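Engineer: Questions regarding the structure given below will be posed in turn.
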Amino acid sequence: MPGVIPSESNGLSRGSPSKKNRLSLKFFQKKETKRALDFTDSQEDEEKASEYRGSEIDQVVPAAQSSPVSCEKRENLLPFVGLNNLGNTCYLNSILQVLYFCPGFKAGVKHLFNIISRKKEALKDDSIQKDKGSCKEDPLASYELICSLQSLIISVEQLQASFLLNPEKYTDELATQPRRLLNTLRELNPMYEGYLQHDAQEVLQCILGNIQETCQLLKKEEIKNLTEFSSKVEEKSLQKEETGGISSTETDSTRNLDDLKEQLPKGNWKRKSDGESGNMKKKVKLSRESQPLEENQRQTRSKRKATGDTLEASPKIIPKCVSENESAKPSQKKSKVKINWLKPATKQPSILSKFCSLGKITTNQRSKGQPKVNEGDLEEDLEKDGRDNTVNGSGPASPGSSVTPVDSSEAKSINKGAEQIGFELVEKLFQGQLVLRTRCLECESLTERREDFQDISVPVQEDELSKVEESSEISPEPKTEMKTLRWAISQFASVERIVGEDKYFCENCHHYTEAERSLLFDKMPEVITIHLKCFAASGLEFDCYGGGLSKINTPLLTPLKLSLEEWSTKPTNDSYGLFAVVMHSGITISSGHYTASVKVTDLNSLELDKGNFVVDQMCEIGKPEPLNEEEARGTAENYDDEVSIRVGGNAQPSKVLNKKNVEGIGLLGGQKSKADYELCSKASNPEKVVGTPFTDSRNSETNDTNGTQESDRSKESSDQTGINVSGLENKISYVVQSLKEYEGKWLLFDDSEVKVTEEKDFLNSLSPSTSPTSTPYLLFYKKL
């Protein structure tokens, strides 16, 4: 018995510390032994502690969204739209703000989007005729970036105009989300997946590179269409030359019959002049074939009936069937050879053309499953022939088929130059040309090699300092004289002497010689992008976050005006003015925060955009959203909710991520509070929160496509704003006038926050006297 007692005491002594340790882990702030042994009190304390923690969490969120802050935001709200940070996307937001204010960029994107929308409609028509499989998905994927940019531009313009029209409806910050563009970049380059910080210069090159590829693709397709169109014109001109004598001898009462003759293969009418019996058999055969196609061709026949033709029923049926044969003729490569056969002889080619037409009729009998497409081709051929008749003077075309096609041909000739400019958007705005000139020091011969460039990377300090710092264990901040931007450009375009082992092989001297190599500007773009090399490789052990790239905070004197005549191949008087700067604050390339400073100028260009604002918000809002089968599953609102956070494609993981990892995500990207990131899941579109009349029309337009319904919606939107269309134009002029108040001022875009910066403060931040952590990273100069 006495031995049992110590064993129990030992058991208690061994058991009680384990209980204390287990409870002390839950309540490490209160380590009292009495409460640790009392289980009832511990459960009550646990419930109280959980309630207390819940109250603390509940109290943190309203503190960030207090009412005085919102009141200050409402008072200081500027009529310029910011971009929400979607998780370390400050690098993208700063570049998008610069591109938005870049002169000519919005007009070029809009022009490309209009071309793409027509291409998409043509692809839909082709899908009815032929199933091309995956061939149609590649161009759509390349068009996605242009459509995403246009959608973002429209949303920014709408939000800006609606704020100026109804400022009292905005209770939160004026910002929108570039979610669709971000997901497009992630599809084009998987490097942008996740929520890591990236380089602003790299994302700029990615955007411009994809736009350039899209322009090249559109240009190739346009050239292909022009060659096909020219081949059609050549074939029809050759056919008209054959029947020129016959049509000139016809009387005025049979001019409509002349038009029908030109629709037919020319050999048939020559065969009719030789013998009438053959054509009678042909008419009977054609009339039999046209009966099953009569229902599908009522629309075309009604157009021709409305013209007032005095022909009988059988002549109306003949040109329709044969013109269908002509519509298939340009797609065959052997048609040109057959037309060349028709040239030398006058009688015999009519027999060959007769057999050719019979062969095409048999093919039309086999392909009866495509009457609608053939009908569309028939209308196009009739319209083109009508235009040719009016030009050549062979006879007036019918009014129903000649009025509108002439306008379309004139539009093509007028817009041809605009399309060429639109296809060269990147080349005209951002791309220049460098000349790498090498001069042999023995024979004085020159060799030149040209390269395209979209930005200029210049140093911010001398290279010798880095060599000195490598030898020393301690790397103090270099104390040198203030360098200027002209010095940096001179280092970029400096003359390099090639000596020693790196001698130049001269083709004139036929041996290795010493040479001088220089870099000059041959062609300058409208916008010069200067990349300051603020990040340098460092072998420091504590630099574990930057990947060996540390920040160089050496200040560089940056002028507001710049001339590159000193480094040009030919004399020029072009001068450039600074209009945008991307700033970086931080110590490494993979951390920190990006902001953009933009100077508000050229509001006349904004006035042109606002003049088209009524058209955009009535007609083009719903077009950019559904691009392929995956995105066509829902509207833009559902699209944003589906891919707000790429965890599993569902909405629940996004909520969990918002609750747990908001603080960790927002530190590097520059989020000031949780509300800036939670806006991604709570409100997928800030326009939806505001509830402006423009957004109501946008949501309704994505579901309907009829012109009558669009006109009704335009009337409803005008009723909601209390003004008509002319009143909207007056409001738009008021919008532009209110924006002119900020002309010449510098705006600081810090994600969703927009502030006005005085020019003195901006110059101090641009060329500081000390070495701050916030330094310029990208400089944008436009041609004055």
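Including glycine, each Cβ sits where the backbone N, Cα and C put it.
Below are the features I grabbed from Swiss-Prot:
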type     : residues : note
ACT_SITE : Cys90    : active site, nucleophile
ACT_SITE : His593   : active site, proton acceptor
COMPBIAS : 232-243  : compositional bias 'Basic and acidic residues'
COMPBIAS : 252-264  : compositional bias 'Basic and acidic residues'
MOD_RES  : Ser16    : phosphoserine
MOD_RES  : Ser42    : phosphoserine
MOD_RES  : Ser67    : phosphoserine
MOD_RES  : Ser475   : phosphoserine
MOD_RES  : Ser767   : phosphoserine
REGION   : 1-21     : region 'Disordered'
REGION   : 33-54    : region 'Disordered'
REGION   : 232-341  : region 'Disordered'
REGION   : 363-411  : region 'Disordered'
REGION   : 686-723  : region 'Disordered'
Engineer: Rounded to the nearest Å, what's the C-alpha distance separating His593 (active site, proton acceptor) and Cys90 (active site, nucleophile)? Just drop the number here, would you?
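Structural biologist: Roughly 7 Å, rounded to the nearest whole number.
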Engineer: Taking 10 A as the limit, how many CB atoms besides its own sit near the CB of Ser767 (phosphoserine)?
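Structural biologist: Around Ser767 (phosphoserine), other Cβ atoms within 10 Å: 16.
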Engineer: What is the number of other Cβ atoms found within 10 Å of the Cβ of Cys90 (active site, nucleophile)?
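Structural biologist: Other Cβ atoms within 10 Å of Cys90 (active site, nucleophile): 29.
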Engineer: Can you count the other CB atoms that lie within 10 A of the CB of the residue listed as 'active site, proton acceptor'?
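Structural biologist: There are 23 of them.
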Engineer: What does DSSP assign Ser767 (phosphoserine), in three states?
Structural biologist: coil
Engineer: If one measures from the C-alpha of the residue listed as 'active site, nucleophile' to the C-alpha of Ser767 (phosphoserine), what distance in angstrom results, rounded to a whole number?
Structural biologist: 22
